[in-house]
Amino acid sequence: MLRWLTAGESHGPALVALLEGVPAGVEVTTEEIAGELARRRLGYGRGARMAFEQDEIEIIGGLRHGVTLGSPVAIRVGNSEWPKWRTVMAPDPVDSTELAGQARNAPLTRPRPGHADLAGMQKYGHTDARPILERASARETAARVAVGTVAKALLRQALGIEVVSHVVELGTVATKPGLRPSPADGDRIDADPLRCLDPEASVRMVAEVDAAKKDADTLGGVVEVLAYGVPPGLGSHVQWDRKLDARLATALMSIQAIKGVEIGDGWQQARSRGSVAHDEIIPTATGVRRVTDRAGGLEGGITTGEPLRVRAAMKPISSLNRALSTVDITSGEPATAINQRSDVCAVPAAGVVAEAMVALVLAEAAVEKFGGDSVVEQRRNLAGYLDALVVR
């Protein structure tokens with residue numbers, strides 16, 4: 001069983017991630033994790049915070065000399081800006097005289113539309129949005145990317161699975177239909193200012209970001225994640241919570257600001273007749289194959305052996321320089337929302353986070369299917385499973 005948790009606040013000393021159930025023998029380093037976190041900071045339209053706030057990676061358990069031990073993996077992602085927040089975000093009681101006059105400690109009483117502020121204040125009984133927004137912040141995804149790096153390494157080394165993402169829509173701009181990057185395209189995607197594989201669309205996306213920034217506004221978009229080398233048989237049809245497409249949808253919807261998930265050509269299939277919506281099956285020299293992959297590599301909640309393909313729709317960031325209308329909860333009077341420092345667009349980064357989430361779900365399913373004591377055991381079990389397939 002593979003499971004994980006994160007802890008920590010946006011302006012706290014660190015985020016912490018704990019990943020349990022990782023097989024022994026996965027090769028991964030601090031440098032690799034730092035590299036993935038650097039990818040999370042990519043993208044045209046990011047805010048000033050990305051320029052000066054650094055992720056300080058420390059592996060504090062589960063590895064020795066760059067190899068997992070089979071015990072829980074614990075990763076600390078330190079916040080280089082912590083000294084500025086040490087008093088305001090201190091976990092222990094602080095004398096009121098130390099807090100007096102600190103602008104960062106001023107109560108945030110004007111909740112932002114579209115953010116967790118108001119709902120969280122109501123649920124947990126806070127009169128200040130700070131305790132809510134600190135945890136609701138997308139900063140938490142740094143911890144997900146950290147453990148997602150371990151999951152990617154496991155998938156690659158044990159099963160030969162590679163995960164890649166790209167931006168397919170940003171604002172009103174979309175890439176050419178049918179553009180499907182392979183893992184070999186990863187560096188080229190990351191080199192693009194918006195992690196877009198379509199150069200012409202990327203230019204228009206940059207202009208869209210510039211226009212939104214000029215208007216003190218924000219933008220959303222759509223990212224696509226593909227996983228190659230996924231064997232048939234991960235997931236199950238027998239219970240609702242074992243269907244892999246449901247688990248992927250849950251994982252992707254849990255990412256901050258994600259409002260929709262599509263498996264394969266889901267929305268287009270809904271508009272099509274059955275005769276052109278499904279993937280016909282044909283015999284080949286290497287076994288049965290599907291002519292197309294409209295299903296996105298999943299049928300009945302089970303992987304088909306075709307490339308897995310999912311999309312996630314991200315709404316525009318809810319913290320705007322052009323603040324929206326709200327209510328000051330201390331007075332009950334109309335007000336403009338608080339304006340926390342934020343990005344114009346974080347869609348490229350959402351793709352990196354979505355990769356991590358897809359990898360974690362696939363790694364969990366792989367441990368369920370092929371065992372989890374060691375990478376060697378998983379490889380052996382995968383080979384035996386594929387050799388014994390009744391239908392190839």
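Keep in mind that glycine also has a Cβ here, set from the backbone N, Cα and C atoms.
Record features, source Swiss-Prot:
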BINDING   Arg40, Arg46  NADP(+) binding site
BINDING   Arg135, Ala136, Ser137, Gln256, Ala257, Gly300, Lys315, Pro316, Ile317, Ser318, Ser319, Arg341  FMN binding site
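In this structure the alpha carbons, written CA, of Ser319 (FMN binding site) and Arg40 (NADP(+) binding site) are 19 Å apart. Comparing the binding-site residues Arg40, Arg46, Arg135, Lys315 by how many other C-beta atoms lie within 10 angstroms of each C-beta, the top residue is Arg40. Taking each of the binding-site residues Ser137, Ser319 in turn and counting other Cβ atoms within 10 Å of its Cβ gives the largest count for Ser319. Around Ile317 (FMN binding site), the same-chain residues six or more apart in sequence whose CB sits under 8 Å from its CB are Thr218, Leu219, Gly220, Ala257, Ser342, Asp343, Val344, Cys345, Ala346, listed in sequence order. Residue pair Arg46 (NADP(+) binding site) / Arg135 (FMN binding site) shows a Cα separation of 20 Å. Of the recorded residues, Arg135 (FMN binding site) and Arg40 (NADP(+) binding site) place their C-alpha atoms 18 Å from one another.
The two recorded residues Lys315 (FMN binding site) and Arg40 (NADP(+) binding site) have their Cα atoms spaced 18 Å from each other. A Cα-Cα distance of 14 Å separates Ser137 (FMN binding site) from Arg40 (NADP(+) binding site). Over all protein chains present, the Cβ of Ala257 (FMN binding site) has 19 other Cβ atoms lying within 10 Å.
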